[in-house]
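Swiss-Prot has this to say about the protein:
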BINDING   195, 222, 227, 228, 229, 242, 243, 244, 245, 246, 247  S-adenosyl-L-methionine binding site
COMPBIAS  16-32  compositional bias 'Low complexity'
REGION    1-46  region 'Disordered'
SITE      103  site 'Interaction with substrate rRNA'
SITE      105  site 'Stabilizes Arg-103'
SITE      144  site 'Interaction with substrate rRNA'
SITE      147  site 'Interaction with substrate rRNA'
SITE      151  site 'Interaction with substrate rRNA'
């Protein structure tokens with residue numbers, strides 16, 4: 001500090017006053033908080049109780065989600081694993097079962113595709129899983145499915161034994177087993193379709209435009225490696241084709257999401 005003629009002091013060039021420091025700190029803190037207009041608004045998640053909002057509903061049918069007891073007793077108690085064709089080939093042969101029956105990875109791929117989609121983030125998507133053994137599962141749109149298959153397997157084992165998975169923070173139910181049939185959980189006005197390679201080919205965008213203003217659409221997608229397309233015949237109104245080529249379940253889910261997004265203006 002240097003002394004002036006009137007007895008006051010003047011800060012040096014490299015020194016800052018305490019008030020300057022406080023003002024800079026305050027401005028820094030303010031700038032770290034985004035304006036309200038920049039904070040994304042999380043849409044309200046759809047539930048089966050909402051019977052009127054137009055939406056896309058995807059039912060992953062014949063999903064291969066089955067647990068197997070690896071050992072019993074011991075200090076850790078019973079241990080279960082999600083049956084899959086990579087880790088349990090010998091076991092499947094011993095049981096006389098086709099390896100293709102144990103493909104839970106297909107359900108995993110479909111869930112990642114669906115829950116990552118813009119239509120889900122916009123609050124216009126509902127997802128259900130119907131296992132090959134007839135267990136019906138409701139998927140909360142806000143659930144974060146594990147990216148790795150190993151962690152996904154552990155989550156599914158926990159779900160199938162506890163019947164529900166809750167968020168650790170808010171205690172919100174993220175996954176739960178619900179009562180059949182699926183039609184009890186669909187909107188009042190809902191067109192139900194399933195996909196078939198032998199059905200008439202339709203462009204998803206064109207098909208969605210034929211819906212009434214408040215009519216939802218429910219698509220049954222086979223979440224299995226191979227099999228007949230009659231898994232939803234008791235529920236559906238019609239069958240449609242999406243491509244001249246065989247599609248994986250994940251790609252079929254993606255095409256329907258994109259089609260609805262285009263028609264409903266979701267970007």
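From the backbone N, Cα and C atoms, a Cβ is placed for every residue, glycine too.
Just so it is clear, the model here is predicted, and its values are computed rather than measured.
Features as recorded by Swiss-Prot, highlighted on the structure.
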| residue | record | contacts (Cβ under 8 Å, 6+ apart) |
| --- | --- | --- |
| 103 | site 'Interaction with substrate rRNA' | 64, 84, 85, 224, 225 |
| 105 | site 'Stabilizes Arg-103' | 84, 149 |
| 144 | site 'Interaction with substrate rRNA' | 115 |
| 147 | site 'Interaction with substrate rRNA' | 112 |
| 151 | site 'Interaction with substrate rRNA' | none |
| 227 | S-adenosyl-L-methionine binding site | 62 |
| 229 | S-adenosyl-L-methionine binding site | 194, 195, 196, 197, 198, 222, 239 |
| 243 | S-adenosyl-L-methionine binding site | 201, 255 |
| 245 | S-adenosyl-L-methionine binding site | none |
| 247 | S-adenosyl-L-methionine binding site | 195, 255 |
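Counting every protein chain shown, the number of other Cβ atoms lying within 10 Å of the Cβ of residue 195 (S-adenosyl-L-methionine binding site) is 23.
Secondary structure at residue 195 (S-adenosyl-L-methionine binding site), as computed by DSSP, is strand. For the recorded site, residue 103 (site 'Interaction with substrate rRNA'), the DSSP three-state label reads coil.
Across 195, 222, 227, 228, 229, 242, 243, 244, 245, 246, 247, which the record gives as binding S-adenosyl-L-methionine, the greatest C-alpha separation is 18 Å.
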